[in-house]
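A short worksheet on the structure shown next.
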């Protein structure tokens, strides 16, 4: 049935034109006369099915929308099924509001975090490289609460709380991995006695082992690093007596049975080998107590020296034994990303 102004059911608000009439005449019937098998609305020439006109049965003509798929007219007469492309830097989905009226401008927060000048930080925002609480922000007027907001730049989280600090420590041999030792042995607390923060160590190394330890006053980061579901890879440089045969690598990579279960190495590489000793680099995720030493003992090669050289993306580098350094913004962001922060 047509309305008083001549529109057909399913038309998007456009009246009939001579061109439409010509199409009807060629097809021998009024517009909309051909029924689509799928229940689609009329096509441009009036037929809604492939069988009748070769047009897609579920699509509409210039002024109409298909009823077969339940689509609705888009703005400006845009064809159904083709959503408008967002502009460069614009979000593709509706965003919840992250603006805090009495907060601090986002570009100022970024600049304070060491990302560069405010102008450079404005460019980061305009380019869509900044997320606040999981929402991409592209407007320069947004204000946030730096004490509560979680901000990522290029997928890397920023530490906005300047009171939080994370240190890399090169633990010397003979020092216990604790902030206080009841037996009076040297502890890592003595190595950070000049720090005012209340630090706690993440993970541990036995007294006879050396190398990288992380200390922080960031409870959230420490909990993620210590949680079994976020075990990050740790790299060790191990020295053992004698010449280690090649089949030991296969044992490490396929798994070694210990009293508390099987442990597999992620990587195993011989770094150096001489007549009376072998130096091997081993990477594993396991955080079990003395696990590296126990693995080598199980294959008959007791460890004479063990140095941890890396925890996830953080490398020991040239840090001297007994000294610390504060992790930089990029290092800290990479560490956070490795544990899902």
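From the backbone N, Cα and C atoms, a Cβ is placed for every residue, glycine too.
Sequence annotations record features per position, and here TrEMBL assigns compositional bias 'Basic and acidic residues' to 1-27, 94-103. Marked as region 'Disordered' by TrEMBL: 1-103. Summarising the annotation, TrEMBL assigns compositional bias 'Gly residues' to 30-51, 60-69. For 104-170, the entry in TrEMBL reads domain 'RNA-binding S4'.
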Helix, strand and coil counts within the domain 'RNA-binding S4' (104-170) (DSSP): 16 helix, 20 strand, 31 coil
Per-residue pLDDT averaged over the domain 'RNA-binding S4' (104-170), given as an integer: 89
